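Scroll down for the structure; my scribbles are underneath it.
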């Protein structure tokens with residue numbers, strides 16, 4: 001007898017509602033990804049074609065070269081963005097997170113079996129992170145400038161106002177950062193969707209008038225164009241690479257939106273819109289070479305120019321906002337990985353922990369962006385500075401991905417080389433091409449990157465020397481507290497939490513407390529906050545409690561580099577491990593070290609002096625760990641390194 005199983009109407013309806021809810025969630029994330037992830041690469045059509053055929057490249061403006069250049073752009077988008085990032089690199093998630101920091105941690109964990117290789121991978125990742133800041137300066141400058149330059153097309157007499165208007169837009173953008181982007185952020189997706197729709201529509205209009213441009217879909221036209229350039233190839237590629245800037249955002253924002261929404265957004269809207277617009281600009285230039293003065297804005301009829309300038313300015317502001325937010329996020333991760341000193345972090349949303357504002361980063365970025373705008377003066381001049389930092393970051397991403405594929409995923413060496421070798425060759429060509437523009441402005445983002453790299457490397461090495469000094473000079477913890485347990489010293493009926501970097505030596509704050517106050521608390525916690533090379537640490541793994549001697553416990557609080565530290569909240573979890581605390585009867589003792597540079601130690605004297613200056617200006621550990629101000633006692637000590 002055959003039994004036929006049927007779903008109840010209620011269960012069927014429940015499953016349908018869940019499917020609808022999931023689809024709505026994916027749709028919302030896809031819309032968000034379009035607004036945040038693709039703003040940078042989506043505004044590249046504003047200046048790319050203009051720079052490819054500028055006098056600096058020497059590429060003739062004729063049908064053959066136009067079709068060839070557009071073909072290189074199209075197949076570059078297919079190879080670099082679609083195959084490398086959308087297909088391969090989005091698979092390399094670090095517990096769902098992406099970005100150069102997450103990839104570095106993943107590669108170092110997978111392949112860093114020896115200290116030398118691990119250090120090399122970490123330094124490579126740190127360089128990639130440092131170069132990101134160069135991009136964070138150039139992107140707002142070139143994007144806003146290129147959008148506002150549309151005023152020149154509207155009326156040539158408005159040219160003197162381009163620079164002041166650009167500066168005003170940028171200052172306004174950075175000024176509103178402290179208020180957060182929660183409300184305005186809801187408009188990002190719809191505005192950028194409209195932007196891509198306009199890109200596609202204006203491109204189609206021109207293609208219909210000059211369908212010969214569709215020959216650019218043939219990859220042989222790209223090969224022929226590159227082959228015809230000879231050694232001039234690198235100059236041409238140095239301009240074409242502008243079409244790919246912003247591609248790193250696909251991977252960096254994976255943790256915010258997820259892999260699938262980013263892939264859907266690219267394949268469903270962004271790639272078609274970009275391809276159609278570049279072909280449309282090529283078609284326009286084939287019909288009217290004089291449009292080279294500004295091929296993007298010449299796509300529009302005269303009556304549409306002012307709305308086009310307004311929409312382009314909105315799109316570039318959104319693209320800049322995404323880069324600025326990325327700089328905040330990157331800095332916070334660098335601080336928690338021990339690469340930069342503590343900085344003030346303000347949370348601008350009660351609902352979204354990822355929406356933060358960092359005043360120091362904001363004002364330094366603003367100063368650098370304004371310097372770039374005033375110093376270079378136009379989007380064409382800035383285009384020379386753009387690219388070198390981006391392509392070096394792309395190359396570093398490919399190198400790190402190789403180690404993840406080979407050692408993290410366990411593929412044989414030939415497979416790992418096959419998966420990344422072509423991209424490694426492409427990225428190398430792009431880096432060489434952009435390096436030719438070093439003296440024309442490429443030095444600017446590189447200098448920024450090198451300065452950040454020196455700061456990061458110095459801070460990391462300085463902290464290592466500091467902890468080594470403490471370990472060598474301070475007494476061991478266990479024998480010391482064992483002797484205290486036998487002492488009849490008066491004990492205060494409260495809890496003392498001693499925050500330390502090295503849990504195996506006696507905290508300086510404890511020594512000061514005993515020396516000056518002649519008192520010890522009933523409950524003493526030797527607290528260590530450890531940031532791991534993973535994005536998130538779940539609550540059940542947040543705290544580890546180890547009893548030492550009566551009245552003393554060692555407590556380790558674990559965070560990922562994207563977690564937000566909150567020590568009082570973490571201490572409440574000690575109850576689950578048999579250590580019940582009353583946080584209202586708890587005092588936090590901190591040691592603040594004053595660094596004294598000493599010749600002949602672990603770093604050159606100038607780096608020690610730099611580390612000492614960074615240490616003096618580091619943000620308060622009280623705010624960083626979210627300690628209650630009225631329960632903190634801070635004691636100072638001088639440390640030679």
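Placed from the backbone N, Cα and C atoms, the Cβ positions cover glycine too.
Residues annotated as transmembrane segment in Swiss-Prot, with sequence analysis given as evidence: 26-46, 70-90, 122-142, 156-176, 187-207, 230-250, 266-286, 299-319, 363-383, 385-405, 413-433, 438-458.
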When you scan the chain for residues with a C-beta under 8 Å from the transmembrane segment (266-286), skipping those not six or more beyond its ends, what do you find? 30, 34, 38, 41-42, 44-45, 48-49, 53, 61, 63, 66-67, 69-70, 73-74, 77, 81-82, 86, 193, 196-197, 199-200, 202-207, 209-214, 216, 243, 250, 292, 295-296, 298-299
So which of 70-90, 230-250, 438-458 has the most C-beta pairs under 8 Å when paired with the transmembrane segment (122-142)? 438-458
Report the listed stretch (70-90, 156-176, 230-250, 299-319, 385-405) having the maximum count of Cβ pairs within less than 8 Å of the transmembrane segment (438-458). 385-405
Any residues 6+ beyond the ends of the transmembrane segment (363-383) with a Cβ under 8 Å from its own? 46-47, 50-51, 54, 136-138, 140-142, 144-146, 149, 163, 166-167, 170-171, 174, 239, 242, 324, 327, 441, 444, 448
Which stretch, 26-46, 70-90, 299-319, 385-405, 413-433, tops the Cβ pairs under 8 Å count with the transmembrane segment (230-250)? 26-46
Residues of the same chain, at least six outside the transmembrane segment (299-319), with any C-beta under 8 angstroms of its C-beta? 35, 39-40, 42-43, 46, 139-140, 143-144, 146-148, 150-151, 153-154, 169, 173, 188, 191-192, 194-195, 198, 202-203, 205-206, 246, 277, 280-281, 284
For the transmembrane segment (187-207) and the transmembrane segment (413-433), check the count of CB pairs under 8 Å (sequence separation 6 or more) and say whether it reaches 3 or more. no
Are the transmembrane segment (70-90) and the transmembrane segment (413-433) close enough that 3 or more Cβ pairs fall under 8 Å, when only pairs 6 or more apart in sequence count? yes
